[in-house]
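Under the heading active site, proton donor/acceptor, TrEMBL lists B:E177. The Zn(2+) binding site annotation in TrEMBL covers B:H20, B:E23, B:H115. Annotation comment: TrEMBL describes B:R62, B:E177, B:Y287 as N-acetyl-L-aspartate binding site. Look at TrEMBL and you will find B:N69, B:R70, B:Y163, B:S164, B:T165, B:S166, B:R167 tagged as substrate binding site. The domain 'Succinylglutamate desuccinylase/Aspartoacylase catalytic' annotation in TrEMBL covers B:10-205. The domain 'AstE/AspA barrel-sandwich hybrid' annotation in TrEMBL covers B:218-299.
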Amino acid sequence: MLIIFTVQHYDASVSLQELSMVTVADQEEERRSSHLIYKMEVVSLPAVSRVAICGGTHGNEMTGVFLVKELQKRKRKEEGAEAPDILPVISNPRAVQRCQRYIETDLNRCFTTATLSVPVSDGTPYEIQRAQELNVFLGPKGSVKSVDLVCDLHNTTANMGLCLISYSECDWISLHICRHLQKEMPSVPVRYIHYDVPLSEAYSLESVGKHGFAMEVGPQPHGVVRADVWGTMTEGVRLVLDWIKRFNSGVQFDDKVMEIYTLVKTIDYPRDPETQMITATIHPQLQDHDFCLLHQGDPLFLTFSGNTEYYRGEEPLYPFFVNESAYYEKGIAFLLARKKKVNIPSVRVMTRESV
Amino acid sequence: MSCEVSLPEAKKVAIFGGTHGNEMSGVTLVNLWLKNRAEIRRSGVEVQPFITNPRAVEKCTRYIDIDLNRAFTPENLSKREAEDHPYEIKRALEINRIFGPKGSSDAYDVIFDLHNTTSNMGCTLILESSQDHLNLQMVHYIKQAVAPMTCSVLVNEHPFLQYSTSRSVAKHPIGLEVGPQPQGVLRSNIFQSMRLILRHALDFIELFNGGMEFPPCTVDVYQVTERVDYPRDTNGNITAMVHPNLQDCDWEPLNPGDPMFLTFDGRTVEYKGGNTVYPTFINEAAYYEKQQAFVITKRGTLIARQIKVSKM
């Protein structure tokens, strides 16, 4: 009897995986395959029963605000046991009312374990108090009581299409959902961005759920709702819920290899050393070119005096969040990512038999 | 009867940036020129760059208490500077003192007020009068100089829709509106376009002051006629977005029956006016709170009379 293996590229940090050997006695098979095979088993996961759709985490990112308000007008649960319970949430109502990103501090940086446990007093910034309220309502973060999935809706002034942003590269639910959107929305670029941050230090709202991602759609100016961006985001949310219903009803989603983008570093604008004011704009060849590979020697910035500054890194990387207006104050002109392949196993909802 | 208009030198010129603190091209250009005036130096002209709303610029927000670009009303300008007022009214009084008084012979000759918009308006020059022949000749000169880049001219003389701008303090006010650019963002192409327009504008003033005659010419303009708001519910919340067919179509004809809005539940609302019109300021972020989805204009042609400087 011959045992034939094919080694696929595999991320050893995943602990949920079980490998099984496929035993093949066929000589024909032996002739064809000359390398090793590990076939992944299907991963059983609990149903996604409670889904939070959050908008207005930044109060001037309008598509999510209006989308959640529309959801709030509808029934909470659709017919059918496999349909999840949908919780539409306006995350930062005071900022939404003023059409500002935040009141005192960025809400989407307040969800680290440390900030969620800060004792609240009169002087505690509004957003920290609100983060703790949301953690009670949707969490607690890291516990079995938290909602199954958080989909946090955002807009960006950068030309990023639709991106799902997560702190995890092994949240199979989120990754399969991303693959589903890529397949069903071929006219929109859909990408998965991974911020490599441990759960306790993950600072954004979606880290409160058992699974989660920010759904970022751009370009759109803050304070504006564009019909084309609305169309993209509503279709994205519809497909997220569509995948969840099918998953909950027992559909098996097969294993796949997916390309994701992992954050490597951030790059700031050139600044005047005394005043800290920026001294250049994003170069016209980089502006609106999110996810176009940047090579050493490519232009990055055009100074006000007409000089070009170039990318000096040796490793080609992918820029994103290029010229996001909210990031000027964070000292970020754009971010850089590395593309990598991830093996996503087959998933199926856990049933009584499989427990 | 002579058709030539004899005008005094335009000696005192100001460039305003940051009238809205998050419209970055003007803020950046004015700060650049406050540090180094070489680019804006012209013989026979004093050019003063000026940040009109520094607190709003510091917070990168449109305004602190009220919109500075609506604050220069006769009522506000007659208030006493020493009293307690909303920040922008105090600023309006200061600006009127430095660059005005509005309506007097001491007022600055020309003020350029630099703005950005989220609308796809390209380069737009905004005039407050169809009879200001210096301004009409200036915009004609600029349009020819920047061609093939287009520069639209918007005239707002509408009795109700006209508003009291910071530049209205001057004898010859000109608004420069360049878009599309999100608030808080500095885009290279928008920045360079605004810089180029100002370069030609200052050249014009230098030539005029130097004695050059500008023969009569015509200027194609868009004249503001109406403001259109979003459909709203009884609570005042908007119930529709600018339709994809209208979005980004500033200056293009909108015909009766053309789609105008798309409701959140997918219904199209059509333009029901009787004539073809030319919308602009389509989906400007700052105008949601001012009940304006876009502004309707009609096309017209203005005649600029021959102008020549009269040195007293």
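Keep in mind that glycine also has a Cβ here, set from the backbone N, Cα and C atoms.
Heads up, TrEMBL stuff is auto-annotated, nobody curated it.
The structure displayed is predicted, hence computed values, not measured ones.
Overlay of TrEMBL annotations on the structure.
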residue : record                             : Cβ within 10 Å
B:H20   : Zn(2+) binding site                : 27
B:E23   : Zn(2+) binding site                : 29
B:R62   : N-acetyl-L-aspartate binding site  : 21
B:H115  : Zn(2+) binding site                : 25
B:Y163  : substrate binding site             : 16
B:S164  : substrate binding site             : 18
B:T165  : substrate binding site             : 23
B:R167  : substrate binding site             : 27
B:E177  : active site, proton donor/acceptor : 24
B:Y287  : N-acetyl-L-aspartate binding site  : 22
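The separation of B:R62 (N-acetyl-L-aspartate binding site) from B:E23 (Zn(2+) binding site), Cα to Cα, is 8 Å. Cβ neighbours of B:N69 (substrate binding site) (same chain, under 8 Å, six or more residues apart in sequence): B:T19, B:H20, B:D113, B:Y163, B:T165, B:S166. Counting only the Cα atoms, the space from B:E177 (active site, proton donor/acceptor) to B:H115 (Zn(2+) binding site) is about 5 angstrom. Between the CA atoms of B:R70 (substrate binding site) and B:R62 (N-acetyl-L-aspartate binding site) there is a gap of 12 Å, rounded to the nearest whole number. A 10 Å cutoff on Cβ-Cβ distances gives B:R70 (substrate binding site) a total of 16 other Cβ atoms nearby, all chains included. Predicted-model confidence for the domain 'Succinylglutamate desuccinylase/Aspartoacylase catalytic' (B:10-205) is 97, expressed as mean pLDDT.
Nearest to B:Y287 (N-acetyl-L-aspartate binding site) in space, judged by Cα atoms and limited to the binding-site residues B:H115, B:S164, B:R167, is B:H115. Within 8 Å of the Cβ centroid of the substrate site, not counting the listed residues B:N69, B:R70, B:Y163, B:S164, B:T165, B:S166, B:R167, the chain contributes B:T19, B:D67, B:L68, B:A71, B:F72, B:D113, B:S168. Shown in sequence order, B:G18, B:T19, B:G21, B:N22, B:G26, B:R62, B:N69, B:L114, B:N116, B:T117, B:E177 are the same-chain residues outside B:H20, B:E23, B:H115 whose Cβ sits within 8 Å of the Cβ centre of the Zn(2+) site.
Cα-Cα distance from B:R62 (N-acetyl-L-aspartate binding site) to B:H115 (Zn(2+) binding site): 11 Å (rounded to the nearest whole number). Taking only the Cα positions, the spacing between B:H115 (Zn(2+) binding site) and B:R167 (substrate binding site) is 12 angstrom.
Taken residue by residue, the domain 'AstE/AspA barrel-sandwich hybrid' (B:218-299) breaks down under DSSP into 3 helix, 35 strand, 44 coil.
Around B:S166 (substrate binding site), taking its Cβ as the centre, 29 other Cβ atoms fall within 10 Å, counting all chains. Secondary structure at B:R167 (substrate binding site), taken from DSSP and collapsed to helix, strand or coil, is helix.
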